[in-house]
Amino acid sequence: YEVPPSYRAILALYALIFLLGVLGNAAVIWVTAFELRRTVNGVWFLNLSVADLLCCLALPFLALPLARDHHWPLGGFACKLLPSLTILNMFASVLLLTAISADRCALVTRPVWCQNHRSPKLARAVCATAWLLATCLTLPSFIFRTTRWDVFSEKTTCVLDYTAVGRHQRLTELLTAAARFLGGFLLPLVLITVCYGLLLARLHTKGFARSQRAVKLILVVISSFFVCWLPYHVVGLILASSSPRSPWFKGASDADPIVAGVAYVNSCINPIIYVIMGQDFKAKFWRSWRAVLRGALSDDPSST
């Protein structure tokens, strides 16, 4: 089997994401866990980086079917677990970004409440809730993933199989894709937009220069998430709602590895954003990467 040129490009992208994502997120985890663990922002960005790191660590295994003509050599449990890590990353990231947005909004619109109640302990409780909810939302992917033996090609493939629900399998597939889009994209986007609408209106009237720097950083992180994941959701909805014989289904199937690669880019891009948007980037870069990340992530007016 010779890997097609399009798949070679995707595999090269996976390799780049893996290298940048593992190194970058490990660096962010180091700084937030050991130097910013007592700040609210440190808690947010630590959890965001853990979610991205899990996705990056799964990438080499998810690349195997592309390199081996869709053959899955890792067995049934890995078929359930590894692709589900991608979905877990998506849900955990978007829930954490929604929590960060609400936190930023509260800092500006409810400063007295934040002074009395905002703490790393509360942030950790919110993060634990986000992880629990993300795990529950990931369960359909874990349950319906399975290996399938193809007698004609003599290959084992890792697929989503809804035959267990009987004649409702098409409806189940569509509902799963729709729930993933609503819970992992549309509803968080609406909530985040409302939060930043309120926040920016208040900042415009009062002018908090320090808060504006932090808001710009978080807005770029949020924008990159939604830009990277939108094609993935569109293709997922087309695959779930189209007939397997339709040209729409064929086009979406061909695009699926590409949009998955674009979604995975989000797992490596945040550390790059933190570094580039950190204060005094060039000067700090030559002194210490830790100083760069600390400067970008510790912009927290009520850190204890």
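Keep in mind that glycine also has a Cβ here, set from the backbone N, Cα and C atoms.
Noted in TrEMBL for the protein shown:
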| type | residues | note |
| --- | --- | --- |
| DOMAIN | 24-274 | domain 'G-protein coupled receptors family 1 profile' |
| TRANSMEM | 12-31 | transmembrane segment |
| TRANSMEM | 43-62 | transmembrane segment |
| TRANSMEM | 82-102 | transmembrane segment |
| TRANSMEM | 122-144 | transmembrane segment |
| TRANSMEM | 181-203 | transmembrane segment |
| TRANSMEM | 215-238 | transmembrane segment |
| TRANSMEM | 258-277 | transmembrane segment |
### Query
When you scan the chain for residues with a C-beta under 8 Å from the transmembrane segment (122-144), skipping those not six or more beyond its ends, what do you find?
40, 43-44, 47, 80-81, 83-84, 87-88, 91-92, 95-96, 99, 103, 160-162, 164, 176, 179-180, 183-184
### Task
Would you confirm whether the transmembrane segment (181-203) and the transmembrane segment (215-238) meet the contact rule of 3 or more C-beta pairs below 8 angstroms, pairs 6 or more apart in sequence?
yes
#### Entry: Other parts of the chain folded back onto the transmembrane segment (43-62), taken as Cβ under 8 Å at six or more residues beyond its ends
14, 17-18, 21-22, 25-26, 28-29, 32-33, 36-37, 74, 78, 82-83, 85-86, 88-89, 92-93, 96-97, 99-100, 103, 120, 123-124, 127, 130-131, 221, 264, 266-268, 270-271, 274, 297
